[in-house]
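A.B. asks: Can you read through this structure? Questions will come right after.
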Amino acid sequence: MPPPAWGWGSNPLEPVVHTVAAFSRRLLIAPDAAPDEARLRPLLSLSLSPPPTPPSPPPPPPEVLKKDSKAAPLTKEEVGRATWMLLHTIAAQFPDEPTRQQRRDARELMAIISRLYPCKECAEHFKEVLKANPVQAGSQAEFSQWLCYVHNVVNRSLGKPIFPCQRVNARWGKLDCPERSCDLEGSNDIIPNR
């Protein structure tokens, strides 16, 4: 196929594309059959035009739009609530008789939070609170009560209400997990016996 009068353009693969396109027009599915329009369609179609843009993803369900109509970073208060929720849930799941490593992990978790917490002034305050009130993680009850006490120390400094720590298990009790699957120690069974 001779080059077009206007030249090959700037794409170095353009001659190859034109040659392959011309060759594919001449291929027949069944060479001994009479040519018809369907059989003369190219088996291969190459184009130098950009690929079509993929369809845009479907919009989120309406309940997602209603729930969070603002697309903004979390506030300091929202991060605080989420952090306390996580910590109280961890304390509620903490073993009644933790291993030395689990007690160490509880202390280290609090130390890490005091270093990495996304609110600098909150992290500094939490370091002070931890220094004055070292982590108590000898059992689930002790860890939960200590965390409730520390949470109340923070709440007092913010002028927020104090939570009655005798109700901590009613508020943050163990997760409802079948066959103790929420236990930190878990079980050695890969598949539970039925």
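Heads up, the Cβ atoms here are built off N, Cα and C, so glycines get one too.
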A.B. asks: Of the residues R115, R171, only one is listed by Swiss-Prot in the FAD site with K76, R81, W84, E121, H125, C148, H151, N152, N155, K160. Which is it?
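C.D. replies: The record-listed residue among the candidates is R171.
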A.B. asks: Can you identify, from 135-140, 177-182, 189-194, the stretch that Swiss-Prot calls motif 'Required for dimerization and substrate specificity'?
C.D. replies: 177-182
A.B. asks: Determine, on the basis of Swiss-Prot, the cysteine among C122, C165 paired with C119 in a disulphide.
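C.D. replies: Checking Swiss-Prot, the candidate bonded to C119 through a disulfide is C122.
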A.B. asks: The record lists K76, R81, W84, E121, H125, C148, H151, N152, N155, K160, R171 as binding FAD. What's the largest Cα to Cα distance among them, in Å, rounded to a whole number?
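C.D. replies: Max span of the FAD binding residues, Cα based, is 28 Å.
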A.B. asks: Check the DSSP secondary structure of C119 (disulfide bond), expressed as helix, strand or coil.
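C.D. replies: Its secondary structure by DSSP: coil.
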A.B. asks: Here's one to test understanding: among the disulfide-bonded residues C122, C148, C165, whose C-alpha is closest in space to the C-alpha of W84 (FAD binding site)?
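C.D. replies: Ranked by Cα distance from W84 (FAD binding site), first place goes to C148.
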A.B. asks: Which whole-number mean pLDDT does the model give the domain 'ERV/ALR sulfhydryl oxidase' (72-172)?
C.D. replies: 96
A.B. asks: Which residues, sitting 6 or more apart from H125 (FAD binding site) on the same chain, put a CB under 8 Å from its CB?
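C.D. replies: When sequence neighbours closer than 6 are ignored, H125 (FAD binding site) has V154, S157 within Cβ distance under 8 Å.
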A.B. asks: What is the nearest of the binding-site residues K76, H151, N155, R171 to C122 (disulfide bond), using the Cα of each?
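C.D. replies: Nearest listed residue in space: K76.
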